[in-house]
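> Pasting a structure below so you can have a look.
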């Protein structure tokens, strides 16, 4: 729009200059007919008629944009720590503080991410270590159980032939055996009687 206005002014200036020169020489000149010029003039007139509406629309858009910007700035004030004199901060100082705060948050985020990765590595190591200890613990329990079974069986097997008894212990063992097995006692008595009668017969002969 501004370019068209400049072109129109330039052509008008050239026309006035030519007319002044022709007036000095004693004859008049009419404005040459130019179809492009006519179209531009018609277009400029139409735009001039529409310009109030366009300006009004532009003002409304600008007003809406500024209101939106103010809303964003108010929200930014709630997010950025401004200190006690927050009411004195200009828009520029608010944006600078917001930039510094964003950098600080990014640094904290990087540190937190590094700590998280380190904790994940430690967690994986401890998990593998726990699995290894669980396997070794089961093997140890199995080995101890087998050793306990073997030792119990060996303790229950007593070597009777290698044991030595005193005379009193022999009597107690013998009496206990007699009480427990009456049939063996009867057979022993019968054997003793047979032996005694056999010896008596030998002496008489």
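Glycine is treated like the rest: Cβ placed from N, Cα and C.
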> Checking feature assignment: coiled coil per TrEMBL, candidates 102-136, 137-171. Which range matches?
102-136
> Among 20-41, 42-63, find the range that TrEMBL records as region 'Disordered'.
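Within the set 20-41, 42-63, TrEMBL attaches region 'Disordered' to 42-63.
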> Take the domain 'BHLH' (53-105) and average the pLDDT across it for me.
81
